[in-house]
Ligand code: 5AD
Ligand code: SF4
């Protein structure tokens, strides 16, 4: 039996955020443990999983399109097993079988650690299997993960979200906040260090409330301080922070640490207090501005990035202009900008004054124009300076170049030369800054 399983091949396609990336790594880990090997050639796979996102409608449409494409492969190979996982699976459940009859199983976000049992059931039952629990039964601690890459790894520290921002589907598909025990996290990071990983990113939908489900007030600050002690790791990142929960204790730990990177991703979502209140974000622009001032005072070299949604219900032209002005005041290093997408079941979906798509698109463009100018101006200031980069590997678009990141998470490209440098910390002198990447030359090499 084992022999037949051993020759099987799998492909796992991942959409959405880093949490999904990490879940996929745990799918791959589990499937490897029962003899599957990875292939990126879908037409050679015996098992294809799509790990889905449903944060915006556009993501869902793209994913349903991809699921549709797999029908052709199933026609050629009737033994092909097709599974749908992730947030859209949690939301749509057996609807997925109705929309796509060639799908064999649907696995929810709370069942990630149950994949091998599920696959065995699918293989034996020869019928569709739906495995979507409404709640997490326990934290999935003992699931092997096969990490993409060898330099940088994601480590989840908490699952779920309690915030219920009125636009957001995540609390409905990822459940309530559950923090992993600190010792388990540290053990995992030490192990990654021993395997040669140099950078870790602590993951959670709201990392700043780490430990609060266990009545620890400054749990995240304490965790960061502990992770900072892990010898073999050179750089520590974390995401995502909720501005309301980012506090002085965390900023102080970052300030004292050598390894926690000077990068703050703090999604503001809107620069209008009226819109922020309707979004249920729990802070004002004044609060946020003070927070940024504190960070810049304590960590002057910090890069600060954000997420912004345009076209939230009731966002008038005037309120949108407040967001534009806010961008100009704060001067973010980068902003990830999104068009508001109605998610049914969320409070904002039934709010009055929904904004027409054409208007939302125009606002997005205006926002990007302002932000791109600012990003470029900030990056230009780096021209002529020497930065420390952690080498991740060849550039995606040009394999004569290597790609690495600064501690502030800027992407740096330079000409590949000399022996293998992946995983090393090198100095690069920046000679050409662009909006999203900076180009340079190896310095003193
Ligand atoms: N529409 C548009 N963008 C959204 N986001 C979350 N929900 C929605 C939605 N319904 C954005 C937020 C969040 C990022 C991950 O996705 O900006 O920070
Ligand atoms: Fe990640 Fe949210 Fe998308 Fe789920 S819905 S994959 S949590 S971004």
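Cβ from N, Cα, C; glycine included.
Curation does not apply to TrEMBL; its annotations are automatic.
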Additional site residue, 53, 161 [criterion: listed by TrEMBL with 17, 87 for [4Fe-4S] cluster 1]: 53
Distance from residue 161 ([4Fe-4S] cluster 2 binding site) back to residue 87 ([4Fe-4S] cluster 1 binding site), taken between C-alpha atoms, in Å: 13
Residues among the binding-site residues 17, 53, 87, 161, 165, 168 that border ligand 2 - Cβ under 6 angstroms, in sequence order: 17, 53, 87
Cα separation, residue 53 ([4Fe-4S] cluster 1 binding site) to residue 165 ([4Fe-4S] cluster 2 binding site) (Å, whole number): 17
Among 17, 87, 161 [binding-site residues], residue with fewest other Cβ within 10 Å: 17
Secondary structure at residue 53 ([4Fe-4S] cluster 1 binding site), reduced by DSSP to three states: coil
Helix, strand and coil residues within the domain 'TRAM' (380-444) as assigned by DSSP: 1 helix, 34 strand, 30 coil
